[in-house]
Every structure is written in C-alpha cells, then in structure tokens.
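Asker: First, the structure itself, so that you have it in front of you.
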Amino acid sequence: MQLKRVAEAKLPTPWGDFLMVGFEEIATGHDHLALVYGDISGSVPVLARVHSECLTGDALFSLRCDCGFQLEAALGHIAEEGRGVLLYHRQEGRNIGLLNKIRAYALQDLGADTVEANHQLGFAADERDFTLCADMFKLLDVDEVRLLTNNPQKVKILNEAGINIVERVPLIVGRNPKNEHYLATKAAKMGHILDMK
C-alpha cells in the first residue's frame with residue numbers, strides 16, 4: 001500500500017453533497033483525494049472516474065484540453081447514478097508538473113503535438129502512476145468499478161493492480177476547435193478511444 005487515508009469532510013457541490021477523502025503517499029507526502037457520492041458499499045460495481053489533475057482545464061477553463069469538461073460531466077454522471085467515486089489524481093500534466101506543462105504548451109504553440117512536446121522535454125508521453133489510484137479504491141473498499149474513461153491503458157493498469165473494471169464507460173465531452181488536434185493526437189498516439197468524426 002503506497003497511501004494512507006488521512007482526512008475527510010463534506011463537500012457541497014452543484015451536483016450534490018460529496019464526501020471528500022484525503023490520502024497521503026507514504027513515501028513522498030504527496031496528497032490525492034476522492035470524492036464519494038452516496039453509499040458505495042456492497043457488491044454492485046461502483047461508477048467511478050480517475051481524474052488526473054489539470055489546473056488549466058479544471059480551474060482556469062482552458063479549451064486546449066477536455067479535462068475540465070470531463071471533470072464536470074463525471075461528477076454529473078456520478079450524481080445521476082446516485083452513488084460513485086471520483087478519484088482526483090494529483091499528477092499534473094500527465095505527471096510532468098505544472099511548469100513543464102507550460103513549457104509543453106509553448107512547444108505546442110510552435111507546432112508540436114502533446115506527445116512530441118513531452119518527448120522534446122525529456123518525458124514519456126504519459127508519466128502517471130495509476131497504481132496509486134488502485135490503492136485509493138482499496139482504501140475505500142471498492143474492488144469492482146464501472147470506469148468513466150476513454151483511456152484503455154487506465155483500465156489495463158487498474159485491472160493489473162487488483163481493481164476489477166467490469167465496464168469502460170465512455171466520457172467524450174468538450175470537443176472544440178481549440179482542442180481538436182490534442183484529442184486527435186490522444187487517439188492516434190496514446191490509444192484513447194474517441195470518435196473523431
């Protein structure tokens with residue numbers, strides 16, 4: 001187990017009241033959180049989203065990506081379901097950090113795609129560690145999930161880490177002229193399942 005559960009509090013949102021649960025990485029002290037809606041106990045698979053931190057999309061309303069749109073849609077789907085979990089995975093910029101993400105954006109402004117920009121900065125296309133998310137699910141006593149994602153790699157890694165992903169639920173929202181190239185690159189180079197028609 002790479003994490004410990006350290007704090008929780010109620011979080012009222014436009015979609016309803018969630019329980020915010022804070023986790024801390026034992027080795028580094030880095031923090032992550034889960035938003036839990038309703039009663040997630042029992043044997044029925046839980047609707048869930050693993051949402052990686054994106055300050056620009058989630059808080060600054062960037063149109064360069066689909067992250068903020070996905071965050072809002074996921075919270076709405078979970079509330080409609082009546083129960084579910086959103087894991088907020090604090091690995092900004094596919095885990096290259098905010099400042100490197102800004103540098104990657106500058107390279108994209110010069111014509112690189114999102115994968116090429118990461119490579120030019122010396123990073124892999126995706127540096128995230130989703131095994132941390134498997135630990136969060138385990139600490140919430142969730143072992144069967146209907147995962148809101150377009151990323152089959154997330155499904156594979158979570159399954160390998162002991163979380164049974166019984167269904168991949170598509171979450172295709174937020175397409176706009178500013179992020180068409182970004183989404184096309186995620187589909188072509190990172191294997192994301194997106195209807196690009």
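Each Cβ is built from the backbone N, Cα and C atoms, and glycine gets one as well.
Note that this is a predicted model, so its numbers are computed, not measured.
Features from Swiss-Prot:
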{"type": "BINDING", "residues": "Arg49, Val50, His51, Ser52, Glu53, Gln70, Glu92, Gly93, Arg94, Thr114, Thr149, Lys154", "note": "GTP binding site"}
{"type": "BINDING", "residues": "Cys54, Cys65, Cys67", "note": "Zn(2+) binding site"}
{"type": "ACT_SITE", "residues": "Asp126", "note": "active site, proton acceptor"}
{"type": "ACT_SITE", "residues": "Arg128", "note": "active site, nucleophile"}
Asker: Work out how many Å separate Cys67 (Zn(2+) binding site) and His51 (GTP binding site) at their Cα atoms, rounded off.
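Answerer: Pair distance, Cα basis, whole Å: 8 Å.
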Asker: Could you state the CA-to-CA distance between Cys54 (Zn(2+) binding site) and Glu92 (GTP binding site) to the nearest Å?
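Answerer: Cα-Cα, rounded: 6 Å.
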Asker: By CA-CA distance, flag whichever of Cys65, Asp126, Arg128 among the recorded positions is nearest to Glu92 (GTP binding site).
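Answerer: Looking at Cα distances from Glu92 (GTP binding site), the smallest one goes to Arg128.
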Asker: For Cys65 (Zn(2+) binding site), which residues of its chain lie six or more apart in sequence with Cβ-Cβ distance below 8 Å?
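Answerer: In sequence order, Cys54, Thr56, Gly57, Gly174, Asn179, Tyr182 meet the Cβ cut-off.
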Asker: Long-range neighbours only, meaning 6 or more apart in sequence with Cβ under 8 Å: which ones does Arg49 (GTP binding site) have?
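Answerer: Once residues fewer than 6 apart are set aside, Arg49 (GTP binding site) is near Gln70, Ala74, His77, Ile78, Gly84, Val85, Leu86, Leu87, Leu147, Leu148, Thr149, Leu171.
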Asker: Can you name the residues of this chain that are 6 or more positions from His51 (GTP binding site) yet have a C-beta less than 8 Å from its C-beta?
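Answerer: In sequence order, the residues whose Cβ lies under 8 Å from that of His51 (GTP binding site) (at least 6 apart) are Cys67, Gln70, Leu71, Ala74, Leu86, Leu87, Tyr88, His89.
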Asker: Could you measure between the residue listed as 'active site, proton acceptor' and Arg94 (GTP binding site) for me? Cα positions, answer in whole angstrom.
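Answerer: Approximately 5 Å lies between the Cα of the residue listed as 'active site, proton acceptor' and that of Arg94 (GTP binding site).
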Asker: Just the number: how many Å between the Cα atoms of Glu53 (GTP binding site) and the residue listed as 'active site, nucleophile'?
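Answerer: Between the Cα atoms of Glu53 (GTP binding site) and the residue listed as 'active site, nucleophile', the distance comes to 11 Å.
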Asker: Measuring Cα to Cα, how many angstrom lie between Arg94 (GTP binding site) and Arg128 (active site, nucleophile)?
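Answerer: Cα to Cα, Arg94 (GTP binding site) and Arg128 (active site, nucleophile) are separated by 5 Å.
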Asker: Just to confirm: which same-chain residues, 6+ apart in sequence, have a Cβ under 8 Å from the Cβ of Arg128 (active site, nucleophile)?
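Answerer: Looking at Cβ-Cβ distances below 8 Å from Arg128 (active site, nucleophile), excluding near sequence neighbours, one finds Ser52, His89, Gln91, Arg94, Asn95.
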